Amino acid sequence: MILLEIEEKWQKKWEDARIFYSDPKDMKKFFVNFPYPYVNGFMHLGHSFSLMRAEVFARYKRMCGYNTLFPFGFHATGTPIVAAAERVRDGEKSQIDILEKMEVPKELIPKFSDPEFWVRYFPEESIKDLKLLGLCVDWRRSFITTSLNPFYDKFIRWQFNKLKEKNFVVKGEHPVTWCPKCNNPIGDHARLEGEGITPEEIILLKFKFENKILPAATYRVETVFGVTNMWMNPGTKYLEVEVDGEIWIISPVAAEKLINQKHKINIIKELDSKELIGKSCENPLTGDRVPILPATFVSPEIGTGVVMSVPSHAPYDYIALKDIQSNPSKYGVPDSLVRNITPIPLIVVEDFGKNPAIEISEKMGISSQEDVDKLEEATNIIYKKEFHQGILNERTGKYKGIKVSDVKKIIVTDFVNSGVASLFFELPGKVVCRCLTQGVVKIVSDQWFLAYGSPEWKGLAKKCLAQMNIYPEKARKQFEYVLDWLKDWACTREFGLGTKLPWDEKWVIESLSDSTIYMAYYVLAKFFEDPSYKIDPQKLDDYFFDYVYLKLGNLEEVSAKSGLSKELILDMKKEFEYWYPFEFRNSGKDLIQNHLSFCIFNHAAIFPEELWPKGFGVNGWVLVDGEKMSKSKGNFYTIKQIVKMYGADAARITLMNGGEGLDDPNWDSEFARTITDKLKNWQDFCIENYGKGRTEKLYIDRWFLSVLDKAIKETTEAMNDTNFRTALSKGFFDLQRDLKWYLKRCLNSPNKEVISEVIKTQTLILAPFTPHICEEIWEKLGFEPFISNASWPEYREEMIDKISEESEYYIEEVVNDIREIISVLSRGEQKSLEKIEIYTAENWKWDLIEIIKTKENMGEAIKTAMSNEEFRKNGKDVNLIIQRCFKNRYFPERFDEKEVLNEAKKFLMEEFKTEVNIDPKEDPGNDRKKAIPRKPGMHIYFK
RNA sequence: GCGGGGGUUGCCGAGCAUGGUCUAAGGCGCCGGACUUAAGAUCCGGUGACGCAGGUCUUCGAGGGUUCGAAUCCCUUCCCCCGCACCA
């Protein structure tokens, strides 16, 4: 059963009482937020974990006496929605399927051909779903991004003008994976094929051929010193092309690529490779003349279709060369041309001989250039080894004696500067756009960048990070690394929803760049989203945001320009000054390397130090019953579905119990299914027991109060560190177990004060996790609504009582010992007991422990003990006790064992359903002698 | 390769900072029992091995070391996961 009715009831009450509508007040504040979701679908389980961490923290802080703000926006910036809308318009089946699978009402689907409809529809639906979860969000502040929201649009323009003023926006060019049809970069998510593939730099080495250039493409520039010949594919056409004033011979595909990579080209004529094969060209570095030979492994699709041959270090080259040397006529070249070609060793690696490619080919038994799998493997092995360990030999001239990994960059720069080489970008694999077009590399010029690579900006960002709380602290290193590693970020696109770049309106600001400081916008959204303020966005320009956010300009002027009253403007300003900066922003760990770091950078650039972010939380990715969530696996759930199946409280607590830290949290369906009953039982228990019970005080009451206080302490610590699973574990599951033990121990007759205290505390601890049922309990117990606004239980050091805990632990151990003896003796058979006799340790044994506990070591302890005559009488036992204590470094706290046992006597009798005697006069088995402090002797009699 | 995080008893997952009550919490699963006409749920007990009196022996990726004592500290080694971007 689930608790939908109760949930609805309280959600309505919260809304009616507007308790989560947070306004500035004369009290300490806490601002929590969460990266707004992209509105191309419903919110799902994947969002919900990160979200719930913000939610639980917000509720917790509220109970700790903070005026807490938790706003929630929606992100529409970027290309996916526009692209998806286009696909709907084109009637593309796969896209319509996606919408149908999401359970979008069928009749609405045609409307999704308009991007604006997505932007209206999904935020509305998401808000409904999130309300079902019982979030403590101030919904007045919700908004969408892009120019569809003119206020936000103005805000982003302001932000970019600020960045520009500080020279943090710069112009430049960079290579991207590009779709020629969509005329846009193809991000990973927009690919049918080729995820993770990015442009790689490859070097074109300009071999001279007649007056022309034969550009050989290679990842291994350093091997140019060992070239023995060139390879061209005998079966394909080549082109003679004018490239930047030189004549190049390259494959047709390569010519296309050059156009996209900012080269001016002009095709002169087509060439048959036969016109070149058999002739020779000149190595631009060594001046050697080398023959051009045919090889089928050369692909015209990759690089330039021209490959240099280094048989000493490249297995492909070696095998092809061997093929051709063994049968030149088959390849149509004269024997004289190839007979004398011998591999030229260049790179020295300890474990390899002179010609590693030959060795490995022989070892792996590679016989033909068609044996692609083995050749790839061999190439990889050699490449890795030579790159990391290889040292260049004398043939490489001035690079001799240097490690390949150290010298590679230098060589490239040298070659490019001296004009013998040219940079080129290549995709190391096939990329296919969602529109089915194959991706290419394009060098985008006139591109605007956020200069995250700038050292001064990095400096500010690092300073910002240093003053932040990172939850978990473990993730800080990751942030430090990212701040260092980030380079300039291309912040504009030619296509998609968003805000236009204020000074260059052909560009739209890209989605990760318009979402960096918008937490400050929530503060104003309260005003912008409320039409009764009659704010005209057209009148709000930079001067306005300057005033409200940065205290620049003067009120008179701002009021005059904006047409807003001074009071209103001051209210906005005060609101901002009250709430900002934010204390906690939580997201998945995947956002560390972009969004969260960008957030740091942009705050550091625009705002003064006191307004920099105060804390980030990051977490892993939700697993569903141990498996990755995915639509294809059929374990993909929206928030709506989850709430329907399990209820909001169950969903919330299941999420928070699923994990913490950077590990992937796990949604446990079994837990979700069973937890509601447990919560319901708790409710019943509370109602049944609150304010009832005996007034007499027992040991066990003292014990439980101590345990309760410890639980509060540990739970509070966990909550403060956003370790919510630990908090649940200590503050709910452990506490419930202790409660059970307590009830058992007091034979179901709890002390009135104690039980009431526990009920109250436990319910308060649960409130951030399962607020609905806790509200219900709170109300039933007669407290003022709302528990959401009640105070988190306070920990009181003086309630911790070590002696009670010790003595209770003692009882537990007595029970365990009795059980063990019974089980050993009964050997699986059922035997009934006649009686149990327990003998506590004599007083002198306790005295002994008091004396030896302060001693440094065993020797000293024995010495001291034996100086006392009474101990000396029992020398053997004294020795035993001392040994035990020192072996475990454990000296029990003294308490009256007999008294404790006597109080627990009824319980023990109940537990073992037999007679129990404590310290009986008769001791036929001489069991008392075996007793040591905290470990009584005992004798068990069977019938 | 670079950077980060990990390898714990059937599984999940604590513990490791501050070495000793650590055979190592808790959950799940499994076994036994109670309840029930029965199933489910719930509750109790067990769940490394051996043990006819509360004990003994063996385990924390692997190997070595420090220590009276190591899951915890040090060294070596193997393996796994995540990120490395132009994007939500």
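The backbone N, Cα and C atoms fix where each Cβ goes, glycine too.
Features as listed in TrEMBL:
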DOMAIN    A:9-663  domain 'Aminoacyl-tRNA synthetase class Ia'
MOTIF     A:37-47  motif ''HIGH' region'
MOTIF     A:628-632  motif ''KMSKS' region'
BINDING   A:Lys631  ATP binding site
DOMAIN    A:701-829  domain 'Methionyl/Valyl/Leucyl/Isoleucyl-tRNA synthetase anticodon-binding'
The residue listed as 'ATP binding site': secondary structure state under DSSP, collapsed to three categories: coil
Per-state residue totals over the motif ''HIGH' region' (A:37-47) - DSSP helix, strand, coil: 3 helix, 2 strand, 6 coil
The domain 'Methionyl/Valyl/Leucyl/Isoleucyl-tRNA synthetase anticodon-binding' (A:701-829), counted residue by residue under DSSP: helix, strand, coil: 98 helix, 1 strand, 30 coil
Count of other CB atoms lying within 10 Å of the CB belonging to the residue listed as 'ATP binding site': 11
